[in-house]
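Per Swiss-Prot, these features apply:
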SIGNAL    1-22  signal peptide
DISULFID  52-69  disulfide bond
DISULFID  59-73  disulfide bond
DISULFID  68-77  disulfide bond
């Protein structure tokens, strides 16, 4: 019973995905990533502007690659 329900959900999902991504009525699929990448406004993206914390500033739990400019955080940025 569970397998049948899972198969029905998978078929419905794949059918909906194909319908949403179809470019035209012939069923050709569009590469959404390539289209979106050249339409992006890189100046408006906040991901391009990485803000880091200077050494000696509290950064939280020890981790590598956190908000510190050096990439090392052991309660304070190193």
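Glycine is treated like the rest: Cβ placed from N, Cα and C.
In three-state terms derived from DSSP, residue 69 (disulfide bond) belongs to neither a helical nor a strand segment and is classed as coil.
Under the three-state DSSP scheme, residue 52 (disulfide bond) falls in the coil class. When the Cα atoms are compared, residue 77 (disulfide bond) and residue 59 (disulfide bond) turn out to be 6 Å apart. According to DSSP, residue 77 (disulfide bond) sits within a strand segment. The closest partner of residue 59 (disulfide bond) among the disulfide-bonded residues, by CA position, is 68; the full candidate set was 52, 68, 69. Listed disulfide-bonded residues: 59, 69, 73. The one with the lowest count of other Cβ atoms within 10 Å of its Cβ is 69.
Recorded residues residue 52 (disulfide bond) and residue 73 (disulfide bond) have their alpha carbons 11 Å apart, per Cα-Cα distance.
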